[in-house]
Every structure is written in structure tokens, then in C-alpha cells.
Amino acid sequence: MAGGGSVARSEGRKYQGGVTAFVVIACLVAAMGGLMFGYDIGISGGVTSMDSFLRQFFPHVYKKQHGNDDHKENMYCKFDDHLLTLFTSSLYLAALIASFFASATTRRYGRKASMLFGGLVFLAGAVLNGAAVNVAMLIIGRLMLGVGVGFANQSVPVYLSEMAPANLRGALNIGFQMAITIGILAANLINYGTSKIKPGWGWRISLGLAAAPAILFTVGSLFLPDTPNSILERGNHEKAKKMLQRIRGTSNVDEEFQDLVDASTAAKQVEHPWKNFTGRKYRPQLVICTFIPFFQQLTGINVIMFYAPVLFKTLGFGDDASLMSAVITGVVNVVATMVSVYSVDKLGRKALFLEGGVQMIICQVVVAAMIGRGFGTEGEAGDMSKAFAWSWGPLGWLVPSEVCPLEIRSAGQATNVSVNMFFTFVIGQFFLSMLCHMKFGLFLFFGGFVIIMTIFIYYFVPETKNVPIEDMNQVWKEHGFWSKYVSSDNVTTSPP
């Protein structure tokens with residue numbers, strides 16, 4: 001039995017109803033939260049590679065790039081500046097802190113309220129960044145963007161997992177990752193266009209246009225329904241049942257609704273979800289919600305995404321070529337995510353995790369070899385991006401959002417977001433310094449972590465495709481390693 005002795009489950013219990021236009025539209029609107037996150041990932045690297053932006057806010061970095069021939073800067077170290085990287089990474093530090101407040105908001109006031117608040121704060125941050133006249137305004141704006149991202153990333157994956165039927169939960173949840181990749185691509189295209197504005201204020205358009213996805217997300221959140229799980233959690237049984245009937249397209253939802261009621265009852269008996277989440281009973285969920293986002297960032301993909309133009313420029317590409325290379329990477333990212341949407345509920349989460357891991361190991365070694373030989377003039381990040389986008393990219397958000405029972409779901413997602421944001425901050429803040437000191441060996445460093453995380457997936461992550469979200473404990477009970485942590489009292493057995 002591979003994967004730590006896990007027993008394969010082709011499907012969980014089947015409920016009545018199916019996919020309705022209502023639930024698809026609701027999930028698409030909610031997934032727009034990913035546009036905000038993706039736009040931010042893509043926009044910062046392009047802006048920080050623009051000479052006009054560097055001259056105004058980071059003149060010492062500009063001088064390092066354009067120094068005279070007598071003092072030629074090491075190619076790997078041209079952008080090594082902690083204040084410059086703080087412009088990018090400060091967002092993720094704010095998102096880390098915000099995720100803990102977002103957990104309480106999501107649990108107490110619902111997923112919709114958390115999304116609405118996140119959109120409004122993000123919008124304010126975008127306006128401040130577009131109007132910035134000094135570094136302080138840039139950093140404060142980025143911190144506000146981070147608060148918005150923290151609230152959106154806390155609530156959106158949970159919202160999608162709770163609204164979607166079990167057999168399409170993966171595809172609909174990956175709508176969030178699809179929106180992230182579209183946001184990254186849009187940012188890369190906008191940077192390519194605004195960099196050509198002669199007066200040198202194109203960076204203001206790039207930063208200010210972050211308001212566009214924020215407006216879409218905020219307005220959409222006003223019209224979104226809350227999930228049946230969230231409505232039940234706040235004590236309105238009749239309203240929750242009507243919402244479940246509406247999203248499933250049938251009045252025969254008694255079995256699924258009873259499972260939601262049972263889960264809600266269990267959740268209300270938990271007075272301290274954070275304390276419970278760290279106990280032995282929930283050890284599998286704690287490990288998954290901690291290590292998957294940790295490993296996701298140690299693939300190195302996010303720094304490639306938001307430093308792509310800087311990285312390409314560092315390695316010898318011209319201004320236009322570096323921005324266009326980032327656009328190409330973004331296109332590959334979107335296409336590969338489409339592959340994941342199609343295959344995640346057919347092939348399963350684990351198969352995509354493992355395939356993507358093997359491909360990324362190979363790509364990291366190849367990229368390191370190419371950069372080492374030719375300073376990157378022959379290398380591309382496209383294959384690395386493709387492997388990540390159909391595996392660790394979407395699944396890093398999907399799996400943690402679906403494995404936690406209702407009583408610890410907000411705490412679990414907060415852990416997922418906070419770990420993700422913390423290591424995004426760390427890698428984002430120190431990536432350019434690591435590149436300066438480790439040179440092409442940095443990609444071998446990331447490759448080593450990809451090997452470790454692929455082994456982790458093989459032995460410790462069970463398959464969750466087609467399993468109803470409130471029936472997930474059965475998966476842990478059937479797993480060769482995690483079964484010892486899950487008591488039979490906590491498992492709902494599907495009827496024959």
C-alpha cells in the first residue's frame with residue numbers, strides 16, 4: 001500500500017443534487033480574490049525592474065545597475081538591496097498577521113464578511129501605492145494590500161470547498177489558483193506596456209491598477225451568498241437548509257444537511273479551536289496545513305513569479321526581453337493551471353503532487369546548470385512554472401482547505417495562510433541576497449526541498465478526491481500512518 005499504507009478510496013458517500021449555475025457563478029465571483037493575490041505577485045517584480053521607479057525610490061540600486069566600467073557590479077548582485085526587497089515582501093508579513101484576525105472573522109461573521117473586508121482594505125492599499133511619493137507610502141500601501149490578501153486567502157478557499165459538490169470540489173476550488181495565474185499574467189502584460197511610457201510614470205499605472213481586481217472582488221462579495229456550513233455555524237438551520245437546496249438544485253438534501261448539522265454541533269462543542277487544533281486528535285490536519293504551505297514556498301516558484309523580470313534582467317536579458325520573458329512564464333502558468341482544473345478530480349490530488357514534484361526536481365537542476373554555464377541566457381523558468389501550476393500551485397491551497405472538519409476549519413486555513421505568507425516573506429525578503437551569495441546553487445537549494453516534499457507527499461498525504469468535505473475523517477482512519485491519531489468516534493461511516 002503506497003503512500004504510508006493509505007487505502008485507496010475511489011469515492012465517498014454520494015449526495016443528491018449536482019452542480020448548478022448558481023454555485024458555479026458564486027465560486028467564480030469568490031475566486032476573484034485570487035486575482036488580487038496574483039496581480040500583486042506579478043506586478044512588484046516588473047515595477048522594481050523599471051529604471052524610472054528605481055530612480056525615484058531606490059536611486060542607490062539604479063546606480064549599481066548603471067555604474068561605470070571601473071566599478072562593474074557582480075551580475076548576481078545588481079538588485080541585492082534589503083529595502084528594495086522589503087517593498088515586495090512587506091505585503092506577505094502583513095498577510096501573515098492578518099490571517100489570524102481573518103480566522104476569527106470568518107468563523108464568527110461568515111466567509112462573505114471576511115472577503116468583503118479584505119477587498120476594501122486591498123482597494124485602499126492600491127490607491128495609496130499608485131499615488132506614492134516616497135518609500136514610506138509604498139510600504140504602507142503594501143502592508144494594506146497584505147491585509148487584504150490575508151483576509152481573502154483565509155476565506156476564499158474555505159468558501160469554495162464548502163460550496164462545491166464533492167465530485168467537483170477540486171476543479172471549482174482550483175478556480176482560486178486559476179485567478180491567481182490570470183492575475184500574474186495580467187500584471188506582466190501591464191508592466192510590459194507601462195514600461196514603454198516615456199515620461200516614466202508607467203509604474204503608477206501598474207501599481208494603481210491593483211484597484212481593478214479589488215473592485216471586482218469587493219462588489220462581487222456584496223452579492224455572494226454565504227455557505228450553508230457558515231450559516232449553520234451561526235445558528236440559522238432553516239436558512240442553511242434553503243441555501244443548500246439552492247446550491248445543489250434539489251429539495252432532497254436531507255442526508256447532506258444532516259451531516260452538516262452533525263458537524264456544526266461538534267464544532268459548537270469546541271470552545272477553543274486553536275487549542276484543539278494543536279492536540280493529538282487533529283495531528284494529521286495540523287501537519288498537512290503546516291507542511292504543505294511550507295514546502296509550496298520552498299519550491300522557489302513564488303520568488304520566480306514576483307521577481308521574474310528582475311531575475312531575467314539580472315541574468316543578462318534586456319529591459320524588454322526580461323519583461324516579455326515574464327509574460328511568457330505567466331502564459332505557461334495559466335495553461336498549466338487549466339490542466340489541473342481538468343484533471344484534479346479525475347487523477348486525484350496525490351498523482352498531480354507527485355508528478356509535479358518529479359518534474360520540478362529535474363527543472364531546478366537543469367536551470368541551475370544553464371545559469372551556471374551561461375548566466376541564464378539559455379535558461380527559461382517556463383517548465384518549472386508549468387510543473388508547479390498544475391500541481392503544487394493549486395493543490396497547496398486546495399488540500400489544506402478540504403481536510404479540516406468544521407470545528408477547526410478556520411484555524412486550519414489560518415495556519416495554512418500564515419505559514420504560506422511567513423515563508424513567502426522570508427524567501428521574498430532574502431531571495432536576491434541568496435542569489436547574490438549562492439548564485440546558480442540557489443536553484444539546487446530549492447531542488448533539494450522539492451525532493452523532500454515529494455517524499456512527504458508520497459508517505460503522508462492521503463487521496464481526497466470525491467470525498468465529501470464532512471466525511472473527510474474516514475480518509476485519515478484508513479491511512480496507514482495517520483489512523484493511530486483518529487479515534488473511531490470521530491469517523492462517520494458511509495452507509496452501504
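The backbone N, Cα and C atoms fix where each Cβ goes, glycine too.
TrEMBL annotations:
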- 26-465: domain 'Major facilitator superfamily (MFS) profile' (DOMAIN)
- 19-39: transmembrane segment (TRANSMEM)
- 83-102: transmembrane segment (TRANSMEM)
- 114-133: transmembrane segment (TRANSMEM)
- 139-160: transmembrane segment (TRANSMEM)
- 172-190: transmembrane segment (TRANSMEM)
- 202-224: transmembrane segment (TRANSMEM)
- 286-310: transmembrane segment (TRANSMEM)
- 322-344: transmembrane segment (TRANSMEM)
- 351-371: transmembrane segment (TRANSMEM)
- 417-435: transmembrane segment (TRANSMEM)
- 442-461: transmembrane segment (TRANSMEM)
(message) Within this structure, do the transmembrane segment (19-39) and the transmembrane segment (417-435) have 3 or more Cβ pairs under 8 angstroms, counting pairs 6 or more apart in sequence?
(response) no
(message) Does the transmembrane segment (139-160) come close to the transmembrane segment (202-224), meaning at least 3 CB pairs under 8 Å for residues 6 or more apart?
(response) yes
(message) Same chain only, please: residues at least 6 beyond the ends of the transmembrane segment (172-190) with a C-beta under 8 Å from a C-beta of the stretch. Say none if there are none.
(response) 23-24, 27-28, 30-43, 46, 156-157, 160-161, 163-164, 205-206, 209, 213, 305, 308-309, 323, 326-327, 329-331, 333-334, 337-338, 340-341, 344, 389, 393-394, 397-398, 401-402
(request) Take the domain 'Major facilitator superfamily (MFS) profile' (26-465) and average the pLDDT across it for me. (result) 82
